[in-house]
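Student: Among the features that TrEMBL reports, transmembrane segment is placed at B:9-26, B:32-51, B:58-78, B:84-103, B:161-179, B:210-235, B:247-269, B:289-311.
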Amino acid sequence: MKRKVMAMVLALTMTTGVLAGCGGYGSSKGSDTTDTSTTTETQGSDNSTTAKTQESTATGDPILIGALYPLTGDLADSGKNMQYGIDFAVEEINANGGIDGRPIKIIYGDTQGDGAPGMTEMERLITQEKVVAVMGAYQSGVTEVVSQVAENYQIPMITANATADSLTSHGYEYFFRLAPTNMMFIRDMFQCLVDYAGKHSNATIKTVAVCADNTELGQQTATWAKFWAEKNGMEYLGDVLYSKGAADLTSEVLQLKQLNPDALIVDNYVSDAILLTKTMNEQGYKPQIMIAKGNGYSETSYLESTGAQANGILFATEYLQGEKSQDIYDRFMQKYNVALNGHSAEAYTVVWIFKQALQNLANAGKEINSENLKTELQTIKIENSFEGGSEIILPYNTIQFTDGEFNGIQYKQTNMLGNLVVAQFQDEEIKSVWPFDEAEVEIQYPASFQ
Amino acid sequence: MKKRIGSRQILLLIMLFLVALIPMFIKTPYILSILVMTFYTASASLAWSILGGMTGQISLGHAAFMGLGAYISTLLLMNANFTPWVSIIVVFFVVGGISALLLSPCFHLRGPYFSLVTIAFGEAFRNLLTNWNYAGKGQGLLLPFGDNSLILMRFKSKAPYFYLALVMVILMYLLVKYIDQSKLGYALKTVREDEDTANAIGINPWKYKVIATFISCGLVAVCGVFYASYIRFISPDIMMQDQSVKFVLPAVIGGIGSAIGPLIGAIILTPLSEYLNATLSSIAPGANLLVYAVILIVVILFQPRGIMGWYENSKFKIKLNNWLDKLDGRKKE
């Protein structure tokens, strides 16, 4: 009987484990969690097509594209967001006649946030569903696994979100990247600091320090921060790394206080971000500038939990609601009742890139197949807006997959022109502050934290 | 006592032969990759069952030992051009040794306390590799690409992996079966049933637990070599505790303590979860896991001893045996 009870307890524990998908403490989980969920109210729209499902006017043979995302597990929320972005783009495209009358159809695969199921699903998409191209995956680790499968089967693949720099250095012919890499994230964060110090003589930014978790991403942030600090003539005082999902960050904050950098660079998942902000407040540590890699700081729950304590904190992100995309942002909000964020905006854009490439093929009278699509993607250059679609809603105006090299790392078929925007919490709202020419407001300096 | 070759053996051989023929008829990589994962999971589960099933020490850290095997073989391959075939032997002894050494002070813990320790060790190894520069830190390691090579266990198609996995699972099964019926197996089972009695009759529980750990962890590390060669990318994520559960479940469902249990469990569970994932996940994300979990709960609630536990006491077994005996021309005893 005792054995039976124990078996049942054990079984239940394991079942919950299975249900939860995977433990929420993966190292490469969430390649970059930059959910920019601005809480601004949507403006009442007078557009008659909003909120309604647009009817598809394309009736031909559908063109199949695979999308591989974590639809279950602890990253399911993020996966869902990207799914919205994709569906939204597909609906727009098909409502406008698709590609010469052929609609785009997305076949989803669920990676469960793990490499091995991701690989099997990728094989299903390619060999069973016979997709012409694939997009995904969210996490860098999973993308690493599935991109080699795509390469093996010679199916073009674009990743919208994976940021690990190494992904594009394997020389793959069929793998493309839209997302800004970790290097670019930290580069732009430093550029923002340098620009501000150049413009305002009262700001001295000579020393920096990093506070991040000790996972792959945190480590990369520290490495790149050191690199860019030296490049920009700043002194790197050191990094304070902690275990992800920390229960207490007091000693870390005291360490930071002792280092006392002019600018504090942080990269934390949302729960750690909240804890860090609160602990800093308790300990009375107020660095003059605190700049975060989007990640936890751009999640809605961050601002909800910290409130005014977040005021003055800067964060870099892939997308901010602005003039360029207000219409899309509003319609998206009405349809799904969540804000368009960095990830969904990128996923949305990738579908449009596919559309443009396929359209180019159709216009040139070429057959639509993986090989031609790959060649087209290698040469495609999209400036300002998509043909028959909206402007590029991301903070850059050109999309082109080029090869490059930086600090000994090869970047193949990466959108090297990508860049980020920096926002700041001011009066408990998210305001864009950098690049200066597109900024809503001036940077608050020093940060008030109240 | 020598067994005659009877209908049982012949039937088994025919079944094996049919399984081996699968890649000739089914060319779809998707189906083959599901089968490869099935064999791999079954192998790891069989390895786990030596410690978890036979000896009754429920380990929830086996994914870490699998990961260690994968890491050691990959590092040897990348830095010393070691063929995975040699790594198989290396990792068996190295990982077996390490785990036996580390876990040996913990064998005085019983029941869930031991399980907790194994979780802790798993996490410790994962953190170690997440922070170890030489092993690629959290970014993981990508195995070198190139043409097909049997020596490097590298193939572009699925069929060779299918046969490798098939051979692995057969050998693993035969080994577990052999241990199960050997003197060692009886000693392990005695330890499982009652440590004090075992001690009283001259079986040192501590010694046998060390032996079981060595074999079990060593074998699961061998599965890790296969995993690395097949997936061709490893990161500390493969050592997460939920991966360990994937090795435990087939044994629990198939029947803890029987040699064939983990095999049957894996043959049912892996394709089932893949099938549910493919059919349900895009319609209603999460529904596949829900259905999977309900099936698990039902089995465990009504058949705590797993499928083999049911089979051992069922009329079906008697009928099957009768039928097989008839085929052999033997009389019902």
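Positions of Cβ are set from backbone N, Cα and C atoms, glycine also.
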Student: Counting only pairs 6 or more apart in sequence, are there at least 3 Cβ pairs under 8 Å between the transmembrane segment (B:161-179) and the transmembrane segment (B:58-78)?
Tutor: no
Student: Other than its close neighbours in sequence, what residues sit by the transmembrane segment (B:58-78), given a CB gap under 8 Å and a spacing of at least six beyond its ends?
Tutor: 44, 47-48, 51-52, 84, 86-88, 90-91, 94-95, 98-99, 111-112, 114-115, 118-123, 125-126, 129, 134-135, 141, 143-144, 152, 216-217, 220-225, 227-229, 234, 236, 238-241, 243-248
Student: Check the transmembrane segment (B:32-51) against the transmembrane segment (B:289-311) for contact, please; criterion is three or more CB pairs under 8 Å, pairs 6 or more apart in sequence.
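Tutor: Answer no: the transmembrane segment (B:32-51) and the transmembrane segment (B:289-311) share fewer than 3 Cβ pairs below 8 Å.
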Student: For the transmembrane segment (B:289-311), which stretch among B:9-26, B:84-103, B:210-235, B:247-269 has the most Cβ pairs under 8 A?
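Tutor: Stretch with the highest Cβ contact count: B:247-269.
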